[in-house]
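Structure, as structure tokens:
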Amino acid sequence: MQSTTSTSSGSCSRPLEGSALNSGSSVENVAREGVGSGSGDDSAGIGDENPSGSSAATNGHDAKHNGFAVNNNGSSSCIVVDGENNRENTSYSGVQLDKSNQEIIRLIGQYLHDVGLDKSVKTLMVESGCYLEHPSATKFREHVLMGDWSKADSDLKDLEPLIDNGKLSTITEMKFILLEQKYLEHLDDGNPLDALHVLRSELTPLQHNISRVHQLSSYMMCSTNQDLYQRAKWEGKGILSRALVMERLQTFMPPSVMMSPRRLRTLLQQAVELQSQHCPCHDMAWETNLQTVSLLTDHCCTTDGFPMQTIQILTDHCDEVWFCKFSPDGLKLATGSKDSTVIIWDVDPYKLTLKHRRVLDGQAQLSVSFVSWSPDSKLILVGGTEDSHELYIWNVDDGKLVVKFSQSLEDSLACGAFSRDGARFVCGGQKGQLYLCDLNGTIVDSWEGVRVNSIAFRADNKTILAADNHYRIRGYNFDSPRSDFDILREPHPIMTFSINSADRLALLNVSNQGLHLWDIEDKCLVRRFQGIRQSNFAIHSCFGGVNESFVASGSEDKVVYIWHIKREEPLAKLAGHTKTVNCVSWNPVYPSLLASASDDATVRIWGPKPNGSNATTESDDSSSSSSSSSWNMT
């Protein structure tokens, strides 16, 4: 062990006269069906009586096929109107539905209508005694989709008591939306005088959204229709733009009057997202939606391929192992020990085994406390404890020493890292040195008085992040003009940290606090992971797993901890080491492999459980019910 310092109300009981079937249709569905063939006069209203059985347009459907009427005596029997021979058939299901079931019926009815199953909707509504939306709302929708703005305005007056208790600002906003579409359609038709009349006599008197009125007036200068569409970001006159207007208007109506569009799909998508949030092994980069998951089972990513048990124990070191790190290409593992050696291991991604390649032991009397790989996986930077003044760069392929770097016997070089392009490296320690060097070991630049214990390059290849003895991580930029700045501050010493591949998150091992996750762009603490024991020793954690959706860390209680990045409680506790676990490394290419280094002089390789294995970990729940993301390493 290395030491260091709004709910909706039901709308049932009996159907209302002229009850509507077309509630909350999607824009695409409305555009497909069209508005209907009505002439736009009063006979087209869906709520109007039609004793003669004449046809009236209802968003593409015959009004007499609504399937609802009220008996003259006011009874609650449902009347099915037979459109073929214009006779009435009475039916009564006798089913008593509570509020929740009524709302479910309405949701199902709306969905059935959206997919075009209108006969099924009629049957469902008749048998249940429910209606989908208020008759006045149906007329309002019809007139908006037909572009009959005077009737739509009249319908809105009828709806006023039902909308936000007739609140003036809400009604004004809805009128503004209607008149905005009316104005644009006049321009589209080449009627600038009519458009000007709407602008001056109808929109302006509302005294609402004055800036938008000014913007609308500028569209009078458009030379072509295409210019109008582009400047107004508008689809042009027609069913599509009107359907979008209707969707905006629906947001102001209570669900008892008119449900919001595609309400059932919205609820199902919310359920899928919630299940994803509770999925213990969820792949963060896998987009869960109604098209990618099954609604017939609960979503749960598989743990097949997850590193949950020891598959190999490496025992070639003869003293405490302080560091381990997989190479960026995932095909090699470097382990550094108090015994002054670095061992390179070859990874077989198919057999999930590691094979000893060579020992790098030229750093005599240097207890190896860190190893950093070059981006091309060919070089490694090796350093010791804070008492060491030397660093070594080795060529992994031929085992030759490339550079032995030492500036002063008084230096402390206890941490280092390659730049993102592999052309330079940075190193430092607790005695106040921060060196930027080329691969020949020549100092390019330096920063005096900076006492650091952990260091990393950012993705811009310019900014260096360093944890100092003031409990901070600061940024240093050597380019002209030089600059340094605070990134974050902890109330306790930061022992080590690592940055994820997206260069957005930092994982900190904090003395006597454990593991903390920070957003280094927003400079805020995101999460405190629970479980690990950390005092004043250097423990190295890491991001990893599929799409870096997980984090792992060693601990002084001899256990390897794994968390999902969005949850504080550990997903798994991997037991096997007999002393403190100093470092963990997740293979960046083959996420089924995880390595851990311990004071017990071993390195454990963790891999997936074999099919049918009864092997267990200390995880509270390591099972899964359905497969979604892939841990396939090959």
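Any Cβ shown, glycine's included, is placed from N, Cα and C.
In TrEMBL, annotation is done automatically, which means it is predicted and not curated.
Values in this document were obtained by computation on a predicted structure and should not be read as measured data.
Record features, source TrEMBL:
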COMPBIAS  1-13  compositional bias 'Low complexity'
REGION    1-68  region 'Disordered'
DOMAIN    133-194  domain 'CTLH'
REPEAT    314-355  repeat 'WD'
REPEAT    547-573  repeat 'WD'
REPEAT    574-606  repeat 'WD'
REGION    606-634  region 'Disordered'
COMPBIAS  622-634  compositional bias 'Low complexity'
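Across the range of the repeat 'WD' (314-355), the DSSP-based residue counts are 0 helix, 23 strand, 19 coil.
Sequence-distant neighbours of the repeat 'WD' (314-355) (same chain, 6+ residues past either end, Cβ-Cβ under 8 Å): 1-2, 361, 363-373, 375-377, 380, 382, 394, 396, 399, 538, 540, 579, 582-590, 592-593, 595-605, 607-608, 633-634. Assigned with DSSP, the residues of the repeat 'WD' (574-606) fall into helix, strand and coil as follows: 0 helix, 17 strand, 16 coil.
For the repeat 'WD' (547-573), the DSSP-based tally of helix, strand and coil residues reads 2 helix, 12 strand, 13 coil.
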